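Asker: Let me begin by handing over the structure; questions about it come next.
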Amino acid sequence: MKLEKLPEEFVQAQPVLEKISEHGFEAYFVGGSVRDVLLGREIHDVDIATSAYPEEIKDIFPYTIDVGIEHGTVLVLAGKSEAEHYEITTFRTESKYTDYRRPDHVDFVRDLREDLKRRDFTVNAFACDFEGQIIDLFDGLTDLKERRLTAVGSALERFNEDALRIMRAMRFASTLDFKIEEKTFSAMRERSHLLEKISVERIFIELDKLLLGSEWRNGLTLLIESEAWKYLPDFQDLALKKVLTELSVDFHFKNSEQAWAALLTRFSNIDVKAFLRKWKVSNEFSKYVADLVSAYELENWDLVSLYHFGLEKALLVDELKIAFGRDIDRERAVFINDQLQIHDKSEIVIAGKDLMDEFSLKPGPELGKILKTIEEKIVKNELKNEQIAILTEVKKMLELEK
């Protein structure tokens, strides 16, 4: 099969492949970029594989950087822009995977087949030369046509080599709307316990992409049916089933925070921040998700809660409430937000220093208490956010304390 037209990303990289070819070596576009071209999807990364060894690539191109030379990868700087920087990796075979994630060592080879047969799934094992000729050694085109995910060679071996491939399969089911071939799924289920060997950070990335996929329901269903959920920190299959059955069928998550919050609203006896600490996410992400889960429990928005959580989070929460079938006033959050004089305490027209100068106050608990009270009154519209009004109010507060 030959592509009728190369995508712009391949056209831009064409001279690199041609130059390698001129020196007597093979070079191909490989991996997900070729798959995405065949699916008519946007390309994110252009991966190039070659029969040339790393030192030979460095002899061909004047500007290179060793980014993973021990694994055969050299970054070729073909132009000034980052878009013209290409990672070029030598065809290779791999030894056993002691850690179930990375090979203990790699051997460079000249044979394309040897390189492609170590890849995870047939639809990721294509090669494409600089003229657009597709090389399909494992019947990936048939799988692509059938939207089917099949492991290259022995599925058990592929998942033994890299257990993260189990999560990748589920992610592809979600993002590409692929079904899993029977033997491949059976191997996923049989090897799901190996996910305990994989870092939670890597699993989180795959699970997060799964949740944001157009067919996230497929991915979550596979997570349950493969029993892989058992090997994810503090996961509950009942919560996953509730999300699948209780969330409206056409709902798609706006962002990662909303997706994880949706899951966690269905968990029982959950400490959100403690749960997310086990997933080693950032404090910022953890706080955002915890806020969404807390806000989900509110019956209605008022000035104080809207100010505390902010309109962005309020709208994300309202989307979840509606998707889970709760009857809410869809316009209330925006209406309440419009009634707020401030949306952050930095918008208060007077700062602590102003009060210190005006009333000879010193830094400390008393000043902090006054500032907090002023903020609360402005939020509740009990006090105008105006300098004279605030100074008058503070004066009253100080006189009452005498």
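Cβ coordinates come from backbone N, Cα and C, glycine included.
Pasting the relevant annotations from Swiss-Prot:
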BINDING   Gly32, Arg35, Arg119, Asp162, Arg165, Arg168, Arg171  CTP binding site
BINDING   Gly32, Arg35, Arg119, Asp162, Arg165, Arg168, Arg171  ATP binding site
BINDING   Asp45, Asp47  Mg(2+) binding site
Asker: How many Å separate the Cα atoms of Asp162 (CTP binding site) and Asp45 (Mg(2+) binding site)?
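Answerer: So the Cα of Asp45 (Mg(2+) binding site) lies 21 Å away from that of Asp162 (CTP binding site).
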Asker: So, three-state DSSP: helix, strand or coil for Arg119 (CTP binding site)?
Answerer: coil
Asker: Might you list, by sequence position, any residue in that chain lying six or more from Asp45 (Mg(2+) binding site) with a Cβ less than 8 Å away from its Cβ?
Answerer: Gly31, Gly32, Ser33
Asker: At the level of the C-alpha atoms, what whole-angstrom distance separates Arg165 (CTP binding site) and Asp47 (Mg(2+) binding site)?
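Answerer: If we compare the Cα positions of Arg165 (CTP binding site) and Asp47 (Mg(2+) binding site), the gap is 19 Å.
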Asker: Helix, strand or coil: which one is Asp162 (CTP binding site) in, per DSSP?
Answerer: coil
Asker: Of all the binding-site residues given, Asp47, Asp162, which residue's CB has the most CB neighbours within 10 A?
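Answerer: When each Cβ's neighbours within 10 Å are tallied, Asp162 tops the list.
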Asker: For each of the binding-site residues (Arg35, Arg119, Arg165, Arg171), count the other CB atoms lying within 10 A of its CB, then report the residue with the highest count.
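Answerer: The residue with the densest Cβ neighbourhood is Arg165.
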Asker: Who sits close to Arg168 (CTP binding site): which same-chain residues at least 6 apart have their Cβ under 8 Å from its Cβ?
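Answerer: Looking at Cβ-Cβ distances below 8 Å from Arg168 (CTP binding site), excluding near sequence neighbours, one finds Asp120, Glu206.
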Asker: Check the DSSP secondary structure of Asp47 (Mg(2+) binding site), expressed as helix, strand or coil.
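Answerer: Note: Asp47 (Mg(2+) binding site) is in a strand by DSSP.
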Asker: Give the distance between the Cα atoms of Arg119 (CTP binding site) and Asp47 (Mg(2+) binding site), rounded to the nearest whole Å.
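Answerer: Between the alpha carbons of Arg119 (CTP binding site) and Asp47 (Mg(2+) binding site) there are 13 Å.
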Asker: Write down the Cα-Cα distance for Asp47 (Mg(2+) binding site) and Arg35 (CTP binding site), rounded and given in Å.
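Answerer: About 12 Å separate the Cα atoms of these two residues.
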